[in-house]
Amino acid sequence: MRLYIASILVLTLAFLANFYNWFSFSELYQGISQKFYPQPVQNTLALVKPDAYNAGHLPAIRKRIQMEGFSIVMEKEMNGDKALMSVFYEEHKERPFFEELTNWMSSAPFYAMVLQKPDAIKSWRALMGPTNSHKARENSPSSIRAQFGKDGSENAVHGSDSPESASREIKLIFGSI
């Protein structure tokens, strides 16, 4: 009888230990807080630049985006013209690379997406990695720029850096949401 009770006790403790590991209290709290206090979603613009798009990397980049929990709410292929790219990158107008960047972005097709999730701008920028693809390979080897970028300009992807930029860029590329 003692062996039977001890066995039941051990099995019960094992079950509770597995239950605790499978359904931890932090996960329970996170699930409850998300259900009753959901974070507002945010939109950001993502561009797959000509180097990555024309090399056929779009399917792999889209897959990474979706695996990270983003919703792609709008998307399209674009042939950027020089005037649009000059307005799009106007914050870089006084920088030495402006002319080269706008010429390059208007020279070949690229792919535009509006991504959505809570804290989308910060999350997308983390997934992209550092601007310079060489630094990305050193500091963030699993980032998109580390995997698909070539250098500081041909770095595979673009992402908005603030809510204001996201709103402006989405309006330029898609009109509105």
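Using N, Cα and C of the backbone, Cβ positions are placed for all residues, glycine too.
These features come from TrEMBL:
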type: ACT_SITE; residues: HIS158; note: active site, pros-phosphohistidine intermediate
type: BINDING; residues: LYS49, PHE97, ARG125, THR131, ARG145, ASN155; note: ATP binding site
type: DOMAIN; residues: 41-177; note: domain 'Nucleoside diphosphate kinase-like'
type: REGION; residues: 131-169; note: region 'Disordered'
ASN155 (ATP binding site): tally of other CB atoms within 10 A of its CB: 25
Intrachain neighbours beyond the region 'Disordered' (131-169), with Cβ under 8 angstroms and 6 or more residues off its ends: 42-49, 51-52, 55, 57, 60-61, 64, 88, 97, 100-101, 104, 120-121, 124-125
HIS158 (active site, pros-phosphohistidine intermediate): secondary structure state under DSSP, collapsed to three categories: strand
Listed in sequence order, residues with CB under 8 A of the residue listed as 'active site, pros-phosphohistidine intermediate' and six or more positions away: LEU45, ALA46, LEU47, LYS49
Neighbour count (Cβ, 10 Å) for ARG125 (ATP binding site): 16
Secondary-structure category, per DSSP, in which ARG145 (ATP binding site) falls: helix
For ATP, whose listed binding residues are LYS49, PHE97, ARG125, THR131, ARG145, ASN155, the greatest C-alpha pairwise distance in Å: 21
Model confidence over the domain 'Nucleoside diphosphate kinase-like' (41-177), averaged pLDDT: 95
Three-state secondary structure, LYS49 (ATP binding site) (per DSSP): coil
